[in-house]
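J.: Quick one: the structure is below, and I'll ask about it shortly.
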Amino acid sequence: MNPYVLSTLLMGLGLGTTITFASSHWLLAWMGLEINTLAILPLMAHHHHPRAVEATTKYFLAQATAAAVLLFASTTNAWLTGQWEIQQMTHPLSVTLITAALALKVGLAPMHTWLPEVLQGLDLTTGLILSTWQKLAPFALLLQIQPSNSTTLILLGLTSTLVGGWGGLNQTQLRKILAYSSIAHLGWMILILQFSPTLTLLTLLTYFVMTLSAFLTFKLNKATTINSLATSWAKTPMLTALTPLVLLSLGGLPPLTGFMPKWLILQELTKQDLVPIATLAALTALLSLYFCLRLSYTMTLTMSPNNLAGTTPWRLPHTQHSLPLATTTTMTILLLPLTPTITTLLTL
């Protein structure tokens, strides 16, 4: 892609998210979300591959539907209460509709079906943008309205953690596995949103760091299926030794960074006398941990068939910068002891 076009599209992505962050009016927030969607569409389709075009079309339809529902809900709220302010979203019908629209935007279950299919059709770089940056604007709106409909949010959260764990079990494509992992993490964020917004923010940030690390690792190895991970030991032996820790952190295993938000969320849910929900959430986390273990096993304990197609990529030098990967991998593995510091900084 032409560098000027690429930089314009990336600036559009940044602008859309910034407008949504800065807006207190629903029309401005909607405009930011639309700019965001329109800026990423050319990035998704620029390979001109049928799968990429199909993924772009699915993404466009899902996002356009969510944006239309959001606009309808905000107009309904203005009609019923005379308020366009994001903070003044008080009518139950409007709040429920907006929550559903934003859930569709980020890919929460049961409105999640577009996410694995779309991610599968994209390259790893665009998939990374879709899994991280594109979640920011809808979450900013969710944090601002803080929906008071507790039952809806808890149901959305539990369904997402369950679907995210269950759906990833029988996948062989890495991008689909990461999509289901994303759905499960989003479920944890929504589960705690009404009780502790700062915990939702902490979970979102740790999810970003872990996902960035996983995507950059797969990009370096040019791996898109579980089987292709088995050749990574010959390309990058040191990274292959560390990647299982990254994947187990993504699954939420102590004593790694990924355990921190889950631990704090379970603690907060228990404080709110929601012990059955905390128990269910902890059990669904085991499903996610299982497929992360499966990836770790394939990467470190299996040997790839030594055929010509498998050996050729080993001899090609990689051109990816290693500093972002090194930074995110370190953060993904080692941040758990800093939990008190991080929680103190977030509550300031």
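Quick reminder: no glycine exception, Cβ is built from N, Cα and C everywhere.
What TrEMBL says about a protein is an automatic prediction, not a curated fact.
So TrEMBL lists these for the protein:
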- 23-287: domain 'NADH:quinone oxidoreductase/Mrp antiporter transmembrane' (DOMAIN)
- 289-342: domain 'NADH dehydrogenase subunit 2 C-terminal' (DOMAIN)
- 60-80: transmembrane segment (TRANSMEM)
- 92-115: transmembrane segment (TRANSMEM)
- 151-170: transmembrane segment (TRANSMEM)
- 177-195: transmembrane segment (TRANSMEM)
- 201-221: transmembrane segment (TRANSMEM)
- 233-254: transmembrane segment (TRANSMEM)
- 274-293: transmembrane segment (TRANSMEM)
J.: Which residues of the chain, 6 or more past the ends of the transmembrane segment (233-254), have a CB below 8 A from one of its CBs?
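T.: Residues packing against the transmembrane segment (233-254) from afar: 181, 210-211, 213-214, 217, 220-221, 262-263, 285, 288-293, 295-296, 299-300, 311, 313-314, 318, 325, 329, 332-333, 336.
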J.: Should anything in the same chain at least six residues away from the transmembrane segment (60-80) have a Cβ under 8 Å from its Cβ atoms, list it; otherwise answer none.
T.: 26-27, 30, 33-34, 37, 41, 88-91, 93-94, 97-98, 100-102, 104-105, 114, 118
J.: For the transmembrane segment (177-195), which recorded stretch in the set 151-170, 201-221, 274-293 gives the largest number of Cβ pairs separated by under 8 Å?
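T.: The listed stretch sharing the most Cβ pairs with the transmembrane segment (177-195) is 151-170.
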J.: Between 0 and 100, where does the mean pLDDT of the domain 'NADH dehydrogenase subunit 2 C-terminal' (289-342) sit?
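T.: Taking every residue of the domain 'NADH dehydrogenase subunit 2 C-terminal' (289-342) together, the mean pLDDT is 81.
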